Amino acid sequence: MRALLTRAALVAARPYLIVLALDVFIVSRWFRTGTFIAGGDMGAFIRRGWAPEMTWSWNHQQTGAGSAGYTMARAFEFILIWLCRLVGLTEYSAQWLYYTCIYGLVGFGVAYLAGAFVRSHAAIVVAGTFGMANGFFLTRLPNPLNVISVGSVAFITGVAMRAALGRRMPSPIAGFALMPTSFLSFNPPMLVVAYAWAVAGTPVLAFLLLGRTAAGRLLKWFVAAAPWAIGLNAWWLVPLAQSFVGGGGATANATFADPTNWSWSQVNNLPPNILTMVANWAWFLPQYLPFAAGLDRPWWIWIRYLLPALVFVAPLLASRRLRRVALGMLAVILVFVFLAKGLRPPLSGLNLFLYLHAPGFWLFREPMSKLGQLLVSFFGVMLAVTVEGMLSRVRRAAHRLRPFTYAAAATPVLLVLAYPYPIWTGGVMPDERPTQPSMHVRVAPEWWDVAARIDADPRPGKVFVLPLDDYYQMPTTWGFFGADSIANLLIQHPVVQPKPDGYFGDVPGFAADLRLIESALLAGDLTAVPKLLGAIGASRVIVRHDLVRGLPNRYFADDRVLAAAMARVPGATLETDGLLQVWRLGSGSSPTVRTYDRVLDAPARADAGAAVLGTVGSRTAIAARPDTSVAATSPQVDDSAAVTPDVVHWPVPAVDSGAPATTVQVAAGRYTLAQRARAAPALFPRVDGGSLLLEDPTVVTVDGKAVSRRPVLRVPLPAGRRVLAIQAGTRRTVSLDVAKPASVPVGSATGLTLLAAARTPARVSGFSPVFDCNNYEPRPWAELGLTARMTGTAKKRTVRLSAADHAACTRVVVRDAAPGQIYRVRLQYRRLAGPRPQICLWQTGAAGCELAARLALSDRWTSYEGVVTMDAGGELQIILHADVGLRLAPKAVTEYRAVQVQALEEVGSREVWPPVVPETSVDLTAGRHVLRVEGGPAGSVLAPFESLEDCYRYDDQSAEQAGLAADAQVGVDGETTYTLKAVSHLACIGSTAGDVGAASLYELSMQARSVALRNPKFCLYLRGPDLCRKLPSVAVYQGWTRYEALIPPDPNTVETRLYLYGLRDLAGKQQSEVEYRGVRLRPVASSSSVVLVRQAPAAPAVPAPSVTWTRSNPAQFSGTVTAAGATTLALTESAAPGWRLSGIEGATKVTLQGWMSGWSLPGGGTFAVRYGPARVARYAFYLLPVTVTVAAVFMYAVRLPPGRPGVWDVRHRRRRVRWRPRWPSWARRAR
Amino acid sequence: MSFDDAGTGARPRARHRRPHRSLTELAGSLWRRALGLAVVLFAACGPAHAFGQTGLVFHTTLLGLALAGLAVPLGLAGLRHEDLAD
């Protein structure tokens, strides 16, 4: 200790202390009192939910079903939070302390590495400061992964260089230096890169910079340090290894099949950006980096290039002693800059070769995030060399010029450090940015309250959170948009909340159960819900109302509907109301260890297992067969019947015509037949006397006999009013006074509005004289050729509009429209010449026409119906067009007739629920039987594809000049093949889908292939949201590639169109060619899946097996099974190889419910269930204090012999001693 | 010039002729120029980018990297020459 406090030690530590002081200043600028820094992949800095299981290698951090985990790798976070709570502070303060520590590691690490080479304190400070203030962190904060990675790697490299130089470096230091890398285990590629550098990169660096002898010295030191590195880090290495080597539970989502899949992340990885440390895909996206525009201003951006200038000048300014170091470092920098550019020019082919052929190179799929970390360290060292070189030259300058030379030398360095000023000012954690909330987040107090209430109940049971996320990052109303982990972080009970597109996902069986719970709630199939919740071990359900709805391409369920449905679930009780509703299921406890009386042989398909679980009782489990299917490279819909001796599962498909049917081979027996909802049923409205009937036309038949049908929903109509139209939950209006009213999807809590003719009819004018409604340039009226010719009678008037240029329009005006008044406009139209007809419904005060579907390009009379609700009083104008559109385009002629405007008014509204389809029993003989669903829709709703268009005209080339071409050929099988070609621009053909919204589930299917140069691409365009719907993507196109996807309609859409594209040749020289065939958009014939479950044969009644059990820890349970005969024991934890049962002879392992650990027991007895790897992980954890103690003793006891002081003692000798301090006698060395 | 040679017609020995240089010595002088030019090019990219010449910046950066790539082996060779000279 005395050695640490000597003057020499303090002087030696001075630059590092300065760097740490700057660290505290910088980090403090980022925080706001009482808020977390959270956003993107970073959730709130709360660990309460994980704390009880932190030290166990089986826990519920990744999935509520349980999985192998290595949460102890975050031990530092837990320690900090514990320390803060100990002194009365909160997690908010703990996060500040956390960032101060890890960012301090960065500054210290880079300074420490530079200090291995340079002697100047100023140079060391500059290196450390640059480590903290550079463009790399500017674009990656606040993700702690990059911070810890840079800091660890820099520190480890500094240790290695010192060891290579022969300095005092006790070998246990290696173990302590590697401890921060435990956090990198949450990004395995980053961890691999860090260790690859530590083990292989540092010796190579030592060889390049210091020579062969130094490299050999380092390797010898590695041999001595390796046992310490392993012993001091086994506490997280062991559970990490267990998780990745068949630990079980969660499945890894991140795959890397094609390096070009990540090319989007390399879009800005050009050499200038890499050299200036701003290479990041988000640089030009203000929603992520709102400060980037400020840094790109002309008067500031030039500073960016001082950095490579100062780095590359280092060898020129370096002292002779450091010249080799500088040149060697420069060589390494050049190599890394080349690799960091990824697939960007120049020489991208070479990088692609490395990605495809170099082992492990896939780790650099986002190269700047991995290699940029090392560049930060190297640049820091080079800056230090430059500064030291400059200082030595300045000292040689004439005395009177010295201040100016100091200023001239310091200015570029200070500018380089100042360039990323948002890091200094706190702007790097922005409060305002487009479409994203502030980075400073205060967690809604309701979450803290709900977590405390739930955790006050110590009984077992999982907590299921609804609605299910559509993406792992969710927008909340309390100002957080990022990884949706708040429930898991706060609640100590296992939380079931899948994270789509995150690093880890649930096993398919568990995921299917969760999807079906939500689908059943939305579709009104409520009897299945408690059974499924019991099957996943849930005792509580949280329905949250804190998500922001309506963002583009975000599709998650309506929480209002879910809450209304939960209120009707048998056995559910509302425990907490408000922003978060908590529903208790049954008694509020769901046993972790349980027995089942019967186990059914279920198909491998996960959805089949879920459908069975929603049908059977709670004493029956399923054992799904292993899935041996080959993973498809393009999305597929498996709608074939899955059959086992106990189960038939048939997701009713979409068909081109007729009724779907399938033949199944079953064993003899009595079967329960049920229809499990996949989506809301589509019901057809019909007025019958004083009631509105909503009927499901589908009937399930077995061998031609009707066996399952949904009852009719009967809604009483108001007396004396004729209901003309209805609206069911969406803006879509369905008229009843037509020959065949369209269907309406009716799910849970659907709001049904009845519309009848208003008592006061609409006051409608006649057609106005023709006028120009596209006057884009002044031209004489005579040249426009605008005419409106009326024919027919007053009641059935036809108007023909004609225009040679601009647009010929006429209007029909509805006067004295009251606010809220509803009008239904009907007419017929046909196009005789020119572009598409247009109808504009415009109301007083509106900025434009009502959002509506485009009219068809048809020369036959086509019916039109539009419904508009007046926002304010005034006029409603129905403006009919014949619009030429473009200048010099052909003449436009359109006819309109039979215009009717009817005023409607609401005469009733109520909440309706779909009638439940009752389960029935059918007796089947052994053999083949035919299942059929009759009465459902058939055929594609796509209109014929229209003619070729240019969907991306970015210059003045015409379609011909751009090489656009489209062709349609009908094959011998009757299928039409569409061929699209393009040299530049974008060839496209579009087809309108009729009345998407009449059904609740559609199947988009086609085959597509690339003929030349580019892959197929298509878009399901939604008018209203005005975007292409998010669709599952194709991994690889191989010849004719089949594509199938199930798509629910978007309620905010007024029109759906399918576009097929021919992408351009990127070089703009050759003509690309793609083909499509079998293009269909079909509603499924039934929104249900048909399930048959063989009932248990009659048997003498025996007492049901039971189990009493206790939980010792997350990885160990024990108890006693009482059973008269064979039974099945289950554990509501994911099936994993490590779970083993002991105590009952003859027990065999089985996976139950598609995900759960289970054992078939020949009889009762006392048992113990353990997760075996947890014991080994526990020993490794207990090893930590032992190894730390031994390391400390070793470092004290084993010191280098005297006479080898290294260079430390002489380094800080003062050059000019003006005065000598007088030290007290106790501090002076004995002479 | 030597007076002994005066009147003999022999050409006097050139005083400023450079002595024969080795490759490593040549490398030792060339690398500084290459690297210095690279540094100037990088610094010049700043004003170029400020004036919106991003294409010029891209190519100038590549040239600077190429010069630096040339300078490194020359510099290491030059170092070897200095080591040997010592």
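Just so you know, glycine gets a Cβ as well, placed from its N, Cα and C.
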Stated TrEMBL location of transmembrane segment, expressed as one of A:218-238, A:554-574: A:218-238
Within-chain partners of the transmembrane segment (A:190-211) [C-beta distance under 8 Å, separation at least 6 from its ends]: 145, 149, 152-153, 156-157, 160-161, 164-165, 178, 181, 184, 217-219, 222, 324-325, 328-329, 331-332, 360, 363-364, 369-370, 373-374
Residues from the same chain, set at least six apart from the ends of the transmembrane segment (A:403-424), whose C-beta lies under 8 A from its own: 26, 29, 126, 129-130, 132-135, 137-138, 141, 291, 294-295, 300, 303-304, 306-307, 309-310, 383, 386-387, 390-391, 393-394, 397
Tertiary contacts of the transmembrane segment (A:371-391) (same chain, 6+ residues out, Cβ under 8 Å): 109-111, 113-114, 117-120, 122-124, 126-128, 130-131, 134, 136-137, 146, 149-150, 153-154, 157, 193, 197, 201, 274, 277, 279, 307, 310-319, 322, 325-326, 329-330, 332-333, 336-337, 339-340, 364, 409, 413, 416
Cβ pairs under 8 Å between the transmembrane segment (A:64-84) and the transmembrane segment (A:325-343), at least three: no
Most Cβ pairs under 8 Å with the transmembrane segment (A:218-238), selected from A:96-114, A:120-138, A:145-165, A:299-318, A:1179-1198: A:1179-1198
Cβ contacts the transmembrane segment (A:145-165)/the transmembrane segment (A:96-114), at least three under 8 Å, sequence gap 6 or more: yes
Range from A:120-138, A:299-318, A:325-343 with most C-beta pairs under 8 A to the transmembrane segment (A:96-114): A:120-138
Other parts of the chain folded back onto the transmembrane segment (A:299-318), taken as Cβ under 8 Å at six or more residues beyond its ends: 134-135, 272, 275-278, 325-327, 329-330, 333, 379, 382-383, 385-386, 388-390, 393, 412-413, 415-416, 418-419
Beyond the flanks of the transmembrane segment (A:120-138) by at least 6 residues, Cβ under 8 Å: 14-16, 18-19, 22-23, 26, 103, 106-111, 113-114, 146-147, 150, 154, 276-278, 289, 291, 295, 304, 307, 368, 372-373, 375-377, 379-381, 383-385, 387-388, 391, 413, 416-420, 422-424, 428
